[in-house]
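Okay, so here's the structure we're looking at.
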Amino acid sequence: MAVMAPRTLLLLLLGALALTQTWAGSHSMRYFSTSVSRPGRGEPRFIAVGYVDDTQFVRFDSDAASQRMEPRAPWIEQEEPEYWDGETRKVKAHSQTDRVNLGTLRGYYNQSEAGSHTIQKMYGCDVGSDGRFLRGYQQDAYDGKDYIALNEDLRSWTAADMAAEITKRKWEAAHFAEQLRAYLEGECVEWLRRYLENGKETLQRTDAPKTHMTHHAVSDHEAILRCWALSFYPAEITLTWQRDGEDQTQDTELVETRPAGDGTFQKWAAVVVPSGQEQRYTCHVQHESLPKPLTLRWEPSSQPTIPIVGIIAGLVLFGAVIAGAVIAAVRWRRKSSDRKGGSYSQAASSDSAQGSDVSLTACKV
């Protein structure tokens, strides 16, 4: 059986992303993992990726030839071999725990051994513009549905159903929340600070969106105006339509912010307008890189060059990455006031070979 169709993975991951949000000026480190059982084809496939803000920096795929945690950002490549040995060891331990958990959960739900099943996990921490801890989180899903989640107090759990209640009782007896809280408030924050400092030229940059508007007649009476924002970073952006100065959010078709494949992002928002009334509509673009919002209006005489090939290529790449690497199109909100600049102290050098503990959060269900 194939690991999973791109559309299925996209839906599962976007559903998980909707559960999280960051504050203005904050930074985040998040790990995403997926285990998929393959009856009759050997071990489950396990994929894990790590993100700092909107940038993927590490990746592991149990089907890859290297069988190692691999760098995905230039600034993480400077870590010593001991770091990569440690990260590989932890992520492999995580995959083995998930292998056991897949069997356990199949029993909880009285499922046969013939079907393929999926475990997903997201965990991480946020820091403010001063580098101090804001919050931590862990969320687990089974077969695309919520299973169990760490509450905001970092001391208790919310179980989604009766099967998850079994896991909740086990984890409470093992004091797993206390162990996880210590990691999220301590080591997770230290490594996030280190990564922000080492990768500040990339992680704390801003790339202004390249904007334009397109027009497509759908009938003799109506046309679609589409407002494009391309090649921007970070991912948080707002596109809004107005008619004669009045908000048109209810009538706007808006897509999720999507990675372009080159470290930047793209997004569009569209409205259907009566033919001949295009001039009454304006698109407003807000992004951290802009000193003030941009306002776009359709000009009938303009003939914009629409980079359709580039856009499609970016979306195809996005689908391929989702299918092969199980990443998330990270779109946590951050506003412009506090994000620029800032210096983050690194984790103590004595810990440099340990890495962020991606095995701690893998506990048997």
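Cβ from N, Cα, C; glycine included.
Between Cys283 and the candidates Cys227, Cys363, Swiss-Prot annotates a single disulfide bond, the one to Cys227. Residue counts of the region 'Alpha-2' (115-206) by helix, strand and coil are 39 helix, 29 strand, 24 coil (DSSP-based). When pLDDT values are averaged over the topological domain 'Cytoplasmic' (333-365), the model yields 50.
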